[in-house]
Amino acid sequence: MSSKFVSYEERAKRHPSSAARSLLETIVRKRSNLCVSVDVTAKADFLDIIDVVGPYVCLVKTHVDIIEDFDSSLIATLQELSKKHDFLIFEDRKFADIGNTVALQYSSGVHKIASWSHITNAHPVPGPSIITGLASVGKPLGRGLLLLAEMSTKGSLAKGVYTEEAVQMARAHRDFVIGFIAQRSMNAVGKSSTDTGDEDDFLVLTPGVGLDVKGDAMGQQYRTPEEVLNDGSDVIIVGRGIYGKGPTVDIQSVQVQAERYRAAGWSAYEKRLQL
Ligand code: S5P
């Protein structure tokens, strides 16, 4: 029986983008479609969590601008951990400015994101120039970009025509845009059922994933790995569900939760191949 979903392995073989292929190959090698979002403010916690979740993830998502004691040694250690545990790095920078400004924010400043982050993301709100600005820095380095086509929060404005336009922008820049932050597959968005054009294979990375709670006090909304995989998501992004909500990090529990979410994401993937 052939599934309506194609396996990661098959997609890795034929994906035109090397950044997308790298992520798909990592997913297959590690049997993990889990991305852990490490949103903590102390460098020591940040690196401890990554060292512990490393074996269970295909991707580590960062917000480097929230780290209080950031210095360049943090990036060097992050890169060592990425090699040690075989995962890629995604700085969740959510660029949203004119092309010239985002190119500078991506390449320069304290964080020099393009030099170490395999994948980053941008809001499509400024229009296609945000892609050309970021591509001028990221493409020569073999980086990949995700557009925020939808968000996980209550009352998000990223819907309807906005989402459709984001997908059209991505189709026009397939050489750099590898996919979306979204809640479902975007491949068919804006296409009629009789469309015989190019088959898209955009990756979909989905935040707002939790097994125990449905939301937080600030508008976040959670769905289960199975729900998002069945809607066509490829990678689950999990933050507090893994590293907890308390002021201190319980590193043993982080390991248990990372394996729990890895297993949940992978079994949801294996189930959908039967659909
Ligand atoms: O729509 C979105 C897009 C993103 S990238 N909703 C999100 O929650 N995110 C990010 O995913 C958010 O910035 C945070 O880093 C992570 C979710 O964290 P959690 O603790 O709620 O799992």
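Note: Cβ is positioned from N, Cα and C throughout, glycine not excepted.
As annotated by TrEMBL, domain 'Orotidine 5'-phosphate decarboxylase' applies to 33-254.
DSSP assigns Arg240 (substrate binding site) to a helix in the three-state reduction. As annotated by TrEMBL, substrate binding site applies to Asp39, Lys61, Ser152, Gln220, Gly239, Arg240.
The Cβ neighbour count for Asp92 (active site, for OMPdecase activity), using a 10 Å radius and every protein chain shown, is 24. Reduced to three states, the DSSP call for Asp92 (active site, for OMPdecase activity) is strand. Annotated active site, for OMPdecase activity per TrEMBL: Asp92 (among others), in sequence order.
The active site, for OMPdecase activity annotation in TrEMBL covers Lys94 (among others). Sequence-distant neighbours of Lys94 (active site, for OMPdecase activity) (same chain, 6+ apart, CB under 8 A from its CB) are Asn121, Ala122, His123, Leu148.
What TrEMBL records for Asp97 (among others) is active site, for OMPdecase activity. Look at Asp97 (active site, for OMPdecase activity): DSSP puts it in coil. When other Cβ atoms within 10 Å of the Cβ of Asp97 (active site, for OMPdecase activity) are tallied across all protein chains shown, the result is 17.
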Of all the binding-site residues given, Ser152, Gln220, which has the fewest Cβ neighbours within 10 Å once its own Cβ is left out?
Gln220
Can you list which of the recorded positions Lys94, Asp97, Gly239 have their Cβ under 6 Å from some atom of ligand 1?
Gly239
When you measure from the Cβ of Asp39 (substrate binding site), which residues in the chain that are at least 6 apart have a Cβ under 8 Å away?
His63, Ile66, Gly239, Arg240, Tyr243
Three-state secondary structure, which DSSP defines for Gln220 (substrate binding site):
coil
